[in-house]
């Protein structure tokens, strides 16, 4: 956090914003981007990059022609993403709450210990309340910035990968219920009373929330289409399964899906450094000639060995079509709800317009009264002029 604050302060000193409001908005955006990329890089890597560029048996892609790239769990990358999200939403939030309360507790205990050493234990009772409050920890120099940042990052974790971890909203709710009481205890007993300041709204945080909402729709569309097996299963059910061409999909239509999702590989085509240690004779009695791996590729005896099959391109087209349809559908529903439920009710908007009109009328009447008074004074002093208004 200190490293990020120093970097943001240096960037802002170079940028030189014109007003304090622009400085705060720029600082908030830079700090959010720094923390967002730092905390979400692992989840985005697991969701969209892990196991995507590994090649296939016999032609693995290697880093510096030496190390094989990491692959997903045999059950799919969605399980890895779900585990990562569970760790973040449970362990990370628990640790953050512990540090938020434990850090000021330890600091205040150390301050009280130093005071007792300076004045003796009997001096503690005679302290006035204002001095006890002064010995508490001061409010953060950035006010509620850390609290806002924590909630915005939690909102990002909750919405961006909710398709992979549906328990995220529930865990976020339970955490916030606990954190409300922890923050109340911290503000009342561990921190000095903060200085009040006016704020019209939440500022740039509103735009950041809008951006996270748009990103979450796009990310969940990619998670469902690319990371999960939802689209390959639908393609098999309607195109390649027992119910192909019948316009229906049920449990019986998925018979043979696992076998259709596996490709055939000839064991003799293994690279020397990646060939298995055993030929499998201890299981079948004879050396195995072929094995299966998860992909849509042609068999080794085809015209183009290990090339992509037609099913692979069907699945890819279905995934791209789902992403486009899903995004447009969600955004249309969002705009429809925004239209049906406006930010301000109609009667409140009408009252605000009426108040604005009345204020303008009062200002007009006050200005008119001032001009008439000045005119009377000039007539009284013999300094009236023609063509005066009104």
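Every residue, even glycine, has its Cβ placed from backbone N, Cα and C.
Listed in TrEMBL:
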type	residues	note
COILED	354-388	coiled coil
DOMAIN	10-355	domain 'Anoctamin transmembrane'
TRANSMEM	152-174	transmembrane segment
TRANSMEM	202-226	transmembrane segment
Query: Which sequence positions outside the transmembrane segment (202-226), separated from its termini by at least 6 residues, show Cβ-Cβ distances below 8 Å to it?
result: 21, 24-25, 28-29, 32, 47-48, 78, 81, 148, 152, 155-156, 159-164, 319-320, 322-323, 326-327, 330-331
Message: I'm checking region-level scores; what's the whole-number mean pLDDT for the coiled coil (354-388)?
response: 81
